[in-house]
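Engineer: Okay, handing you the structure first.
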């Protein structure tokens, strides 16, 4: 088995997912990590005795190999790498909820310090698309922003929700990097610069992403799932009761192909095959893993896998030698595997025995044979999906009807579906008194995504003690929670979006049949639905000229419909005109609140600065009085200092609450830009997002709404 070639005990607690390796002088790799105290430590054992200059960087009192960088804010992300075109060493990038710092560790100087209104939850450094210079790309409050080596804003776009993970990789195999974004709305989105290429829906927040090789990448979710995608196809995934704290790609068994290395919240480190997900190595820390990186930390020409825990323990592993290749497990793991295979063998023997007993039965089924589970040859599993309105006792749902065509009964049903059921699986086990050949299962999709229902059913005779297992897969259409039965008293939608396509109405009808649950085939694209989640109507109308009008008050639904239809019809560029009076009124109110919060923020900042200067002067007066032995004035000044400090703390709390409220409003604004973009496809979408941002920068609210409605500022 592999054992660590070095172990370090650093006297600093490390924040999860905030670990990096940087060669700040261009030669020596340094382990860099964020601490809970608003500091970043840099461990450099290669240049002992060199003390840093007195700027931001200071020497640790606990360890001479560690330098501390004071950020004075809670660090939310960090990375290190080449940012400048002519720099020899790496640049350290540190993000917080308000600022991004680019720092030259070797020269102990700031490269730039930028305010980022949308915060920085995740950061990645590298080249994106055709942009010539490397960018420091941060993901924050529904927005992505990229800075070059001078701190210039070179890239900006919006995404669906708060960003939690970023990675650069050549997803489309065109020789240029795309940006993969994992967010809190459970989606992995792929951007070619500011153009959305594709998106993959998961069932939890995407907390980590890592590039493996080619177009293959690993991912981790907040519910303990890790897995591997190749482009949009998922290769494998596993789910654990623990949380994946960090993932990294590294060839640990020296077979020429990287494995997915995962550090878990229970302290376990494991390496899994990128093809199958099989564990080929594991080790354990005494506390949660904080980060997994790689580097030649011993400077002997060999790259090590470096794992660190939240308590400051660091271990380095070398890839396997030729003798150990493919055999990284220790003896106890091999014993576990043998036990598992033995259990599987016993299960297969029992299953074979059941088949042998069933094979002895004759076609005429007697009572004894029925108990053995013999069923008619024409038995099959049938499924049907139908829309059900809400009743007094049950919410609106999709009813899955599972049945058999003869006298057999269904003893139990297991349904596996991502993002539908808690724990992703659902078991129906009717009582003995209620056994029949039909089982109905209510399904409530939380959002409009297509879902594969993997169904297993135990089928047998009424007195059977042994059952046949039938397996079937049924897809739930994307827009399944929409009912054709329209309530005549329902409120007519005021929102609408209009666009034109060069396609036949029959193609739109095909799209409707594939994406909605329709009781029978329809032959016209003019159709009205009731939306079962939020109520209200959805109207779709198509003119002979190819002009389509979608009427709904849900701007998200309109965007989803347009993106789905454009994908089905292979439309690359689509312009649209939109008007959502209710939503635009709410957005206008939000923008007014943003201005108010900005104004309050500036006043509070100015007041705090005045208080700080007053405290500084008061402190000098108090110390002067103390040195002169004027105890009466000393006491008086320190009482005043105490009162000022209390006022300053209260002002900070008000400012903090104001800032959080401002962030919430800015998130709404970014989401509005994203929604306006999703009403278009291709270049018109990119143009709308860029124009909306320029309008907000220039505080031109009227232009913003013109762009959202017409797609361009000039219309």
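From the backbone N, Cα and C atoms, a Cβ is placed for every residue, glycine too.
So TrEMBL says this about it:
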- 20-126: domain 'Ciliary BBSome complex subunit 2 N-terminal' (DOMAIN)
- 165-272: domain 'Ciliary BBSome complex subunit 2 middle region' (DOMAIN)
- 394-479: domain 'BBS2 GAE' (DOMAIN)
- 484-569: domain 'BBS2 platform' (DOMAIN)
- 581-678: domain 'BBS2 hairpin' (DOMAIN)
- 683-709: domain 'BBS2 C-terminal helix bundle' (DOMAIN)
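Let's see these features in context: how buried, what's close, how far.
Structural biologist: Across the domain 'BBS2 GAE' (394-479), mean pLDDT in this model comes to 88.
Secondary structure of the domain 'BBS2 hairpin' (581-678) per DSSP, as helix, strand and coil residue counts: 95 helix, 0 strand, 3 coil.
Each residue of the domain 'BBS2 C-terminal helix bundle' (683-709) gets a DSSP state, and the totals for helix, strand and coil are 24 helix, 0 strand, 3 coil.
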Engineer: So what's near the domain 'BBS2 C-terminal helix bundle' (683-709) in sequence-distant terms, Cβ-Cβ under 8 Å and 6+ beyond its ends?
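Structural biologist: 156-158, 194-196, 573-579, 584, 587-588, 591, 669, 672-674, 676-677, 715.
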Engineer: So, by DSSP, how many helix, strand and coil residues make up the domain 'BBS2 platform' (484-569)?
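Structural biologist: Across the domain 'BBS2 platform' (484-569), the residues distribute as 25 helix, 22 strand, 39 coil.
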Engineer: Can you say which of 20-126, 165-272, 581-678 has the most Cβ pairs under 8 Å with the domain 'BBS2 GAE' (394-479)?
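Structural biologist: Going through each listed stretch, the top one turns out to be 165-272.
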Engineer: With CB pairs under 8 Å as the measure, which of the listed stretches 20-126, 165-272, 581-678 comes out on top against the domain 'BBS2 platform' (484-569)?
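Structural biologist: Checked against 20-126, 165-272, 581-678; highest Cβ contact count belongs to 581-678.
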